Structures are given as structure tokens and as C-alpha cells.
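Take a look at the structure set out below.
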Amino acid sequence: MTTLYTAKKYAVPALERACVEFLKRNLSSDNAFMLLTQARLFDEPQLASLCLETIDKNTSEAIMADGFTDIDNDTLCVVLERDTLGIRECKLFAAVCRWSEAECARRNLAQSSEHQRSVLGRALSLIRFPLMNVEEFAQGAAQSGLLQDREVVQLFLYFTVNPKPQISFLDVPRCCLTGKEQVVSRFCQIESRWGYSGTSDRIRFMVNRRIFVVGFGLYGSIHGPTEYQVNIQVIQSDSLKVMGQNDTTFQCDGTNNTFRVMFKEPVEILPNISYTACATLKGPDSYYGAKGLRKVTHESVSGGKVTFQFTYASGNNNGTSVEDGQIPEIIFYT
């Protein structure tokens, strides 16, 4: 970096290019934040862009590296604004807390939540608290002292009531996936009517290669435009571990189209393992799918095929089966 500084100062473009190429070759999650700060300082946008890509792909490792707590506030904000970080928001918040402690030490300020909030400035507003689940928020951010009481109450209301109140923090999912969103449909026909009494519609599925599920397509009301309350989950069938879930609402327009309901972040689905797609709807009778397919092979846009195998989820499933029911679509990336 010092050689690059010298090459720029004395206008030696060949040496400048050689330095940048060397840095690119040696870029890793361990030094990505250190190099990002320097790339921004020396106005090297191409190198800065590569650093950000590396951070996107290896966010957990990058924020644990020594260089993370040394970055300046502007660089921290640039990173926190990204939609493409591959990390849970509670872990990102913990890392930002570590950065604020280091910044207080640099400024010779006593370690206190007031000083930490002050040195973070705009960076705190870039944490997407709504992407946490209520347990993560309660155990971490709510007790950190960095949020004002009003903000804590506002966020607890966001997690627990419907319709959700307006909040001052962004709720756009962070997703490190590139490529094109894809949809697999499991029914050949649409019928009416399907009722809801608090029981979850469930269907088991298995795929032949790794994918990331980002949401479901669900049927809406046969009685015209309506809002449904819904909880969606992906559960590993054998261990019953919840891999991803979201409590939300969706609007339908009275047609027999499907309506998208998305997870807060992508759910990794490993090949040849059984998972259960689960949707608990609260609302009027809806359309439902019929003539269901047990096996659907989807031509992936990135090349290759993804084969979905659907099987009956025994127990309480509100009547949904391979042949008919809800959860007509799984939305995913490869």
C-alpha cells in the first residue's frame, strides 16, 4: 500500500498498476477490510469493488478479522448499506458493537452506550433490526443500551403485532445470492375452495442439488381482494429444526394467481435431505391446487437441472398433500 501511495504521488502509472494487481491477487477475507479502507483512501474504485465482493461472499470471516475494527465510519456505512452481505443481522450488530468500542478507545472516550451510539452516528440506523427474530433482538440489541427506549418498543411491536407499525429501520433482506430467481410449480390445475382453521398446510420436499429457498407462492381468496396473515417455515423433516421462518401478511386480488410470501433471508437446502414447507394462513377460503406432481424437474437458468420430489407430510397438514392443497410454488435460487 505504501508503494502504491508513492507510485500515485510521483505519477508512475506502470508501478501503480503493478501494485493494484498484486493487491488483487492477495485479497482475502482476512485483509478485505484493511484493503477496502486503503482503496477508498487512494481512490482505487476497482480494488474497492473487489474488496466489497470478497466481504459479501465471506462476511462472517471478514468481520472477525483484525482489520474490521480499524475501518473509518464512512467505510463502515458503505458496507452496512449493502443488500448483499451474507450474514445474520444479529451477528452483524455484534460486530458493529465491537467496532464502536474500538472507536471509543481511539477517541479516548469512556466505554459507555451513549458514547458508542455517538461514534456510530448514521451507521446505527443502517442495521436492519427487523431482519432479526424476536429472540435475537431481545437477547442482543434490546439490551445493548445503543437503542433508545422508543426504538426498542417500536421494534418489539414490529415483531409481535399485525399490521406492523412503521419503523425507522430498513427491513429489506440482505441476500448474497447472484443469478436469477426461479420458481417451481407443483400443480397442473386450480380449484376452489380451501379453508383455514389455524392448522398449517405442509408438504415435504427433497432436491438433488443445493439451492436457496427465498419464499413460497401461495393461493389467495376466492372472495375478492383480501389480506391474509401468514407464518411460513422450512423445517428439516427428521430433526424438526426450523431452518427459516417469517410472520407476515400478503395481499391478494381475488384472482387464482399465486402471491409471493418471502423469507427474511435465504434458506439453504442441501441435496437428498427431506425438508417440510409449511404455511399457516389466517383468512377466508382460498383457491387450491389439484393434479399435483410427485416429481418436477426444473431447468436451471445457471445450467443443469434441479429435481424436486414432493411427498406427503403426515400429521396436521390442513389436508395439503402431493395431489392437492396449498403451497403451489417454491421460489429459489441455485
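Cβ coordinates come from backbone N, Cα and C, glycine included.
Record features, source TrEMBL:
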type	residues	note
DOMAIN	32-142	domain 'BACK'
Exercise for the section: Go ahead and report the DSSP secondary structure tallies for the domain 'BACK' (32-142): helix first, then strand, then coil. Expected result: 83 helix, 0 strand, 28 coil
Fill in the blank from the handout: Here the mean pLDDT of the domain 'BACK' (32-142) is 93
